[in-house]
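S.K.: Mind having a look at this structure? Questions to follow.
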């Protein structure tokens, strides 16, 4: 029986604190740009936050509605109002802290006991509540945090002037992406059959694999944007179309309604712009190779284009530093990717059934508290 520990509880509290600080920093940065007359940057930052918040509120409310189907409608109406005012994540943190405190400090779990045992039931409620939050944070990371990181880096490269609040935004973006990826992977491992613990070394290898590849790609897109905003927008739209088409071919069944399913596929398409996710628990080694090989080729092409299109920029020290960081992050990211899938991926220690069930991406969150939908989805 998976167990919610005191360490998990303290990480949950830390995640909630960082979430609140991230909101404050976003409004602070947006207000600073507004006061300086940079209205477009301020509006973009708030648009990323607004879009991310709307989508996460929709998914969060739908999960509550599915979980509480047939229960008190008055409670569901209150939850709807909280989500309407963009406070859905806070009620989820409240439930997670409530169940997590009971599981970590007041309950003892018996390995031989069934899930209906009170102590194990509280453990499961805590883990399911945290898993819901972690999935919403994955949505937020790629709908808001990653685009904001790209925007902040582009502003620094375009204008050269740096301020403390810009560095604060970049640091918070990196923290948000890092924690969301690792926390979700931990929640995913807890839901796998024949699971092995996601050890400290595994967490760091996975973290560096994702961070380095995403950083290299964001810097590459920033370089394209410096050349031409139009080309950058066309590339991002093309990549989203490719990701969305791939999710259609995967025939995902994440949501009960067709409208929500297409919204989910739209979100996954955005996620796939920045990072690879296995959304159906199938063998995707070929897709993984194609994905990162394409990123590598595009990154190298961008640097070569600079050499022939704007050779004067190459002499600038800023371009030299960005180019070195881009290539270095790409190489390190690929190295950590190979190390992770060679030594730390569940493939290396799980049974064939467990391997076929393992996923990197967000589709596995079809499981909710009452029906174990996460595992059932993975076992399809």
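Just so you know, glycine gets a Cβ as well, placed from its N, Cα and C.
Annotation source TrEMBL lists transmembrane segment at 9-29, 41-64, 76-95, 164-184, 204-225, 231-248, 260-277, 289-309, 321-341.
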S.K.: Three or more CB pairs closer than 8 Å, sequence separation of 6 or more: does that hold for the transmembrane segment (204-225) against the transmembrane segment (289-309)?
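M.R.: They do touch: at least three Cβ pairs between the two stretches lie under 8 Å.
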S.K.: Which sequence-distant residues neighbour the transmembrane segment (321-341)? Criterion: at least 6 residues beyond either end, Cβ under 8 Å.
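M.R.: Sequence-distant neighbours of the transmembrane segment (321-341): 157, 202, 205-206, 208-216, 219-220, 222-223, 288, 292, 295-296, 299, 303, 306, 347.
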S.K.: In terms of Cβ proximity under 8 Å, which residues at least six beyond the ends of the transmembrane segment (41-64) contact it?
M.R.: 23, 26, 29-31, 33-34, 76, 79-80, 83-84, 86, 88-89, 92, 132, 136, 139-140, 143-144, 147-148, 151, 155, 255, 260, 263-264, 267, 368
S.K.: Mind checking which residues reach the transmembrane segment (260-277)? Cβ under 8 Å, same chain, six or more beyond either end.
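M.R.: Contacts of the transmembrane segment (260-277) (Cβ under 8 Å, skipping residues fewer than 6 from its ends): 55, 58-59, 62, 138-139, 142-143, 146, 210, 213-214, 217-218, 236, 239-244, 246-248, 252-254, 287-288, 291-292, 359-363.
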